[in-house]
């Protein structure tokens, strides 16, 4: 779909002799640039691969039609690149495949029609998630900047998008790593002969504790709780010591030590940049697949496993008539692939200029979706086993959602398997590695953005800046480490970050497609890859993907989730608080627009035109090439 960008630039042929065209983002005609002086064939921006000539000048040589010319490099500051292509792929896969793939997708799938849910999920992936994923990779790879400074080359007035992304990343780091700390606490507790959540004889247990798998005959009542439930609620979270958000209680020193250890690992994994994090992900991104394979085989051999699989995949086609199913499918694929968080921009900016990001987008998206699907078998074979042992329906066993599905239901199932200690250790180690590489990615998005925006301050002080970021995240996590920390985690996840990142992604998609222009963007992709995106991608970027995001946002606003955790109903003021926290990030966008218009000289029309016109052309790093079909 051809659209006329609102900040369209003059094409080279429209510039008259000796006219200054550099302001419009193209080469001056007849006036040599510094890069021209550096040697023949070198270029200084990203808008031409053929030397331009002034009116009346004779072309130095003719280029045969339908051939591809390779253009030599320009000289600019060296930018770090990935050591290997697999470093990049594993980092992107590790970022996209996170804890949500393990607990959220299986739960949403069975709740929304089982196998029938795969249809809306696939449709939303093809028309919404994957196009946005591809767009961010291409933007980052072409412009080679983080999520703040990249907007100078796209549409400067929307630079506030980058600041909003950084604030959202801080909020996510404030609660996401607490979940990893819970998993670490479980891992440490697993190094015993008998897992502590198998018995009702511990100091934290109550009189209601009832062991399903006890040898003696037991009576289960409405007030009965399992050992795994009491271990999670009363020992790990200590949630019984909190009355709610109005009284969070004290900080758990055990969880505080766990999160300190988590952030220490994070610091030494990312402090040197992608050269170090690219090596760490060879472990953190591959280990979960080894564990998932082991757990899948083990689960398939358990009695009653087939009951869980049938419950997971049995299609209920009537569900597809409900709007909520399509909303859940759209939200799941968006948050699973993760466009709009600035991470894909940052990771792709360290690629070589002519790296095939189109292929990367397809491969990593398919791997992510397949991981979610396979994780459902890992979870539901075990839930089927639990239902068989309890002599209950699978729906009764699978009523837990979110982290509780992993830390209560799945943990209890593991505890009652043969070799339970071994399976507990590898399972919680898998959860930790899944969380770590997602955190690596989230913080790298912020670090790259700030270092690119303020290179004169932080370029040679990366280690110190990373330390500041890590300490800030630890301080931001303190509320989630209290007895009522789980309430804070849920509030931040549902209201403070979800709607905000959807809004940011929507604005980003509209700006790239309609202000920067889909024609210009596709031209950029062609320069990198040698081929232009087809009509399917153009239509998705211009219309379908923005509508996809708008659909999720409107559905959320019309039917906001009713927050309830365990037996606690969130007060109304907490919902307002959540919206305020979310708005605190998105508000950066209009604030920067106002600042830009006020600080730019000229009439209002001149200010607007200058503010939506790219400030600087994009250059390619030394050693890379552009591919232009002439």
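Cβ coordinates are placed from backbone N, Cα and C, and glycine is handled just like the others.
Judged by Swiss-Prot topology annotation, residue 83 lies across the membrane from residue 564. Among the candidates 439, 448, 603, 613, the residue that Swiss-Prot annotates alongside 98, 494, 495, 556, 559 as binding serotonin is 439.
Feature annotation (Swiss-Prot): of 36-55, 56-75, 116-135, the stretch labelled transmembrane segment is 116-135. Within 8 Å of the centroid of the Cβ atoms of 94, 97, 434, 437, 438, where the record puts Na(+) 1, the same chain has further Cβ atoms from 93, 95, 96, 98, 284, 285, 288, 433, 435, 436, 441. With the fewest other Cβ atoms inside 10 Å of its Cβ, the least crowded of the recorded positions 97, 209 in this structure is 209. Comparing the recorded positions 200, 434 by how many other C-beta atoms lie within 10 angstroms of each C-beta, the top residue is 434. When the alpha carbons of residue 434 (Na(+) 1 binding site) and residue 200 (disulfide bond) are compared, the span between them is 31 angstrom. Local packing around the Cβ, expressed as the count of other Cβ atoms within 10 angstroms, is greatest for 437 among the recorded positions 208, 437, 438.
Here residue 208 (N-linked glycosylation site) is positioned 38 angstrom away from residue 97 (Na(+) 1 binding site), judged by their C-alpha atoms. Under the DSSP three-state reduction, residue 208 (N-linked glycosylation site) is assigned to coil, being neither helix nor strand. Calculated from their C-alpha atoms, the gap between residue 438 (Na(+) 1 binding site) and residue 200 (disulfide bond) amounts to 35 Å.
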